[in-house]
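Scroll down for the structure; my scribbles are underneath it.
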Amino acid sequence: MILVLLGPPGSGKGTQGALLKSELSFEHISTGDMLRAEVSKKSPLGLKAEEYMKQGLLVPDDLIIAMIKNILTEAPHKNYVFDGFPRNVNQAEAFETMLNTMRLQVDKVFYFDLEDDVIIKRLSGRRVCPKCGATYNIYYQKPKNDTLCDNDATPLIQRDDDKEEVIVNRLRVYKEQTFPLIEYYKYKNKLFVVSADGTQEEVFEKLKSML
C-alpha cells in the first residue's frame, strides 16, 4: 500500500507519518530526510542533488523521482507513506508515471485539514531551548517559567521561521501550490480529508479508521 500525506505546515502530517511507521510498520518517506541521506552517503544521485542544494536551488523533480524509485525497487512489497511529496501536480503526474512502470499506484491520499488561525497558534507559539533543543508552546505546552527551559533554565527563543508573518506567507505559498494537487487526487477518487484539530492520538484514530 502506498499512502500520501498532505497538509499545511503545522497540520501534524509528519507526526502522523511517524505514527504510521511506529504503530503500523509503514516505511515513512520524507523527501527532506531522503535527500539528506543520499547526500551524506555520496550516492550518484545524492552528489547531483547536492550541487543544487549548495546553490540554494530546488532539487529537480526527476532526481527526487529517481531516488524514490530506488527505494521502492529495493522493497516493492512494503507499505509506504510519503510525507510532503508530491508537492504539486507536475510531481504527482511524474510519480504516477514512475509507479505505473513498477505496476504500483498511490492507494490513498490523506489531507490534514486545519484552520489557519489554529496553525498560526501552533507554529508561532513554539519556543525552543538553544542549549538542549527542548521544544515548548506558549499556548499548548508551556514551560514552568514562561521564558526559561525546564531542563536547564536557558532563555527560550522563537525561531525566525516560527514568526507570524513568515507563517502567513508559508500558508499562502502552500495553498497556491497544493490546492490544484488536492483537486487532482479528488478527481481520481483517492482523496480523504482528515480533521487535524485534536491531539495527535485523536487524529491518528481518525486516520486509521480511513485506511
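The backbone N, Cα and C atoms fix where each Cβ goes, glycine too.
Features reported for this protein in Swiss-Prot:
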BINDING   GLY10, SER11, GLY12, LYS13, GLY14, THR15, ARG126, THR135, TYR136, GLY198  ATP binding site
BINDING   THR31, ARG36, LEU57, LEU58, VAL59, GLY84, PHE85, PRO86, ARG87, GLN91, ARG159, ARG170  AMP binding site
BINDING   CYS129, CYS132, CYS149, ASP152  Zn(2+) binding site
REGION    30-59  region 'NMP'
REGION    125-162  region 'LID'
The sparsest Cβ environment within 10 Å, among the binding-site residues ARG87, ARG126, ARG159, is found at ARG159
Running the binding-site residues GLY12, GLY14, ARG126, CYS132, TYR136 through a 10 angstrom C-alpha radius around ARG159 (AMP binding site) leaves ARG126
Of the binding-site residues THR31, ARG126, TYR136, within 10 Å of CYS149 (Zn(2+) binding site) (CA to CA), in sequence order, we find TYR136
Given the region 'LID' (125-162), its same-chain partners at Cβ distance under 8 Å and 6+ residues beyond its ends are 170
Binding-site residues THR31, PHE85, ARG87 vs CYS132 (Zn(2+) binding site), shortest C-alpha separation belongs to THR31
The number of other Cβ atoms within 10 Å of the Cβ of ASP152 (Zn(2+) binding site), counted over all protein chains shown, is 10
Check: min Cα-Cα distance from VAL59 (AMP binding site) over binding-site residues GLY10, GLY14, ARG126, CYS129, ASP152 goes to GLY14
Three-class DSSP assignment, ARG126 (ATP binding site), comes back as strand
Taking DSSP H, G, I as helix and E, B as strand, the region 'NMP' (30-59) contains 21 helix, 1 strand, 8 coil
Same-chain, non-site residues whose Cβ lies within 8 A of the CYS129, CYS132, CYS149, ASP152 Cβ center for Zn(2+) are PRO130, LYS131, GLY133, ALA134, ASP150, ASN151, ALA153, THR154, LEU156
Counting other CB atoms within 10 Å of each candidate's CB, the least crowded of the binding-site residues CYS129, CYS132 is CYS132
Residues near GLY10 (ATP binding site) by Cβ (under 8 Å) yet at least 6 apart in sequence within the same chain, in sequence order, are LEU114, VAL118, ILE119, ILE120, ARG122, LEU123, ILE167
According to DSSP, TYR136 (ATP binding site) sits in strand
